[in-house]
Ligand code: NAD
Ligand code: MG
């Protein structure tokens, strides 16, 4: 759109750009019209985001010649389910969207995952764009094409790989985030630093995340884009993005999803870092530095759930394959590795992280 905008390409088939900058929601119409052609667009969002940003997006799209319809559903992970998905699909069909029309997901990861899934299955797939409004959606969920809803048995158990046609991240949206929701995104961003780059990690230790979120988002997205380009369907390298997520998902599940994803991932990251250090899998001491960084960003560094409860919850997770579970183990800040362990070893590994 202009020079002040950071653009990160995601080179999958077909490739798309992630645009990051201030004021982009108000300017998204012309950009999307050039990309998609003026057509009908269904903006799907939740009832917290709608009063903040729906009018801006609608005006921008209509101003660029789109015919806009919108549907607002209740906010929160508790609504990321099949009944909301059904509601979205019925809405798209009641609006007579055709395969040449388009969906816009305006919101956080819940909206993005659900609207993306609706777009992936409606008429066997129509195009969609992501307009992330949380830090978590900006650094993580809006990029990479994973879409899903939760089932009773667990999170994200029904979904599809379906890449967006564009991601437009307006950093001004972060200003209205409650601190806890901002922190959720910081957890995935800190995770990215531990995975990829000590220099990026240091930005979370020195407060750059709040001072210049666009810089941090761009670096996180660039890393994720590279991983997704090399392993779109999570056959190998993309599994690294699950750092902190085995224990994190278990914490979410044990809490009945009362603990939000990012907070759970932060605790899961702190636990697996302590496990890795205690078990001698790290190249240098890292657990204390990771915990301090998470705490500085308003995130938890542990959990009250028992190792037994967490291991049981983790082993019902969809990523378990046969008798082994693949864990992401931090070796040092900026380098992690996949480690396949027998499921029976998970309990002592988690215990090492809780008790250390
Ligand atoms: P969320 O979408 O529930 O948003 C959190 C809260 O913030 C909601 O109440 C929302 O209405 C509100 N909100 C959103 N934008 C706002 C703004 N700008 N100002 C004020 N309030 C705002 O949660 P999230 O943390 O964005 O996303 C979590 C979800 O993302 C989980 O379901 C998780 O499974 C999913 N996820 C998906 C991927 C992926 O690759 N697809 C990756 C990571 C996480
Ligand atoms: Mg995550």
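Using the three backbone atoms N, Cα and C, a Cβ is placed for every residue, glycine included.
Whatever TrEMBL says is automated annotation, not expert-curated.
Features of the protein shown, as given by TrEMBL:
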type    : residues                                                        : note
BINDING : 109, 110, 111, 112, 113, 133, 134, 146, 155, 173, 174, 175, 176 : NAD(+) binding site
BINDING : 188, 245, 261                                                   : Zn(2+) binding site
DOMAIN  : 72-182                                                          : domain '3-dehydroquinate synthase N-terminal'
DOMAIN  : 185-319                                                         : domain '3-dehydroquinate synthase C-terminal'
*How many Å separate the Cα atoms of residue 111 (NAD(+) binding site) and residue 188 (Zn(2+) binding site)?*
17
*asked:* Counting only residues 6+ away in sequence within the same chain, which have a CB under 8 Å from the CB of residue 176 (NAD(+) binding site)?
replied: 52
*Given the binding-site residues 111, 134, 188, 245, which one is most crowded in terms of C-beta atoms within 10 angstroms?*
111
_Neighbourhood of residue 174 (NAD(+) binding site), C-beta criterion under 8 angstroms, separation at least six_ = 134, 135, 138, 182, 213
*From binding-site residues 109, 113, 155, the one whose Cα lies nearest residue 245 (Zn(2+) binding site)*: 155
_Neighbourhood of residue 155 (NAD(+) binding site) by C-beta distance under 8 A, where only residues 6 or more apart in the same chain count_ = 148, 249, 252, 253, 257, 261
*asked:* With every protein chain in view, what's the tally of Cβ atoms within 10 Å of the Cβ of residue 113 (NAD(+) binding site), excluding that atom itself?
replied: 26
